[in-house]
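As recorded in Swiss-Prot, the features of this protein are as follows:
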type     : residues : note
SIGNAL   : 1-16     : signal peptide
DOMAIN   : 28-258   : domain 'Peptidase S1'
DISULFID : 52-68    : disulfide bond
ACT_SITE : 67       : active site, charge relay system
ACT_SITE : 112      : active site, charge relay system
DISULFID : 179-196  : disulfide bond
SITE     : 206      : site 'Required for specificity'
DISULFID : 208-234  : disulfide bond
ACT_SITE : 212      : active site, charge relay system
């Protein structure tokens, strides 16, 4: 998954994420190719090419990570949607405005949430283009819940090529307390604005560079509960992926969408 070195973004228009010993924008490690309709809310955020993921909230609004848009100019960005491929198919739409959370901290990667408003509306209710529902404000995941992470990130740590087709993986939620204890050894903090997921004992399943900003969806409720944010390496044993806790930002999201 992404790696937070407590430094910040690395090559914003290549992969954009926070880093530790690797880099933040993750892709899916240990997953499978997504099939039509598996993740219809997934979009590719692009400059000259794919660099982050995002999630469809409605015809105009995309949810992504703050670190993905940090320092970015809206006029240079577009999204591709309604396709399983980040480089072809579907439709591209230009970005009109970027709303980065006011309290985003690029050192701790806290409040890692942003909204993107599009210039023209998407055509939704297609097999690969549907909005994802938000959870209730203040809601949280439970240990052991199954969550689905998707994206076009690297398939393994140290890889430098993105898969052409969308990947997905279902993982288990890890307790915030355990996650914080594990990351404290690397000098990082897991806040109440974050959730964690993966296989702590064995590793092998995670997001990786290129997945940043993408959706983390509760398999049971189909609601978006997380945003791919950061991590230590990709799918490393003892280091679960860390995701923005969407439940803590629903009021913020709705306030921006109503402006």
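Placed from the backbone N, Cα and C atoms, the Cβ positions cover glycine too.
Mean per-residue pLDDT, taken over the domain 'Peptidase S1' (28-258), amounts to 91. The Cβ of 179 has fewer other Cβ atoms within 10 Å than any other of the disulfide-bonded residues 52, 68, 179. For the recorded positions 179, 196, 212, a Cα-Cα cutoff of 10 angstroms around residue 52 (disulfide bond) retains 212. Following the DSSP three-state reduction, the secondary structure of residue 67 (active site, charge relay system) is helix. Within 10 Å of the Cα of residue 112 (active site, charge relay system), the following recorded positions from the list 67, 68, 179, 196 place their own Cα: 67, 68. Comparing Cα positions, residue 196 (disulfide bond) lies closest to 212 out of the recorded positions 67, 68, 212. Geometry remark: residue 68 (disulfide bond) versus residue 212 (active site, charge relay system), CA distance 7 Å. Taken residue by residue with DSSP, residue 112 (active site, charge relay system) is part of neither helix nor strand, so it is coil. Residue pair residue 212 (active site, charge relay system) / residue 67 (active site, charge relay system) shows a Cα separation of 8 Å.
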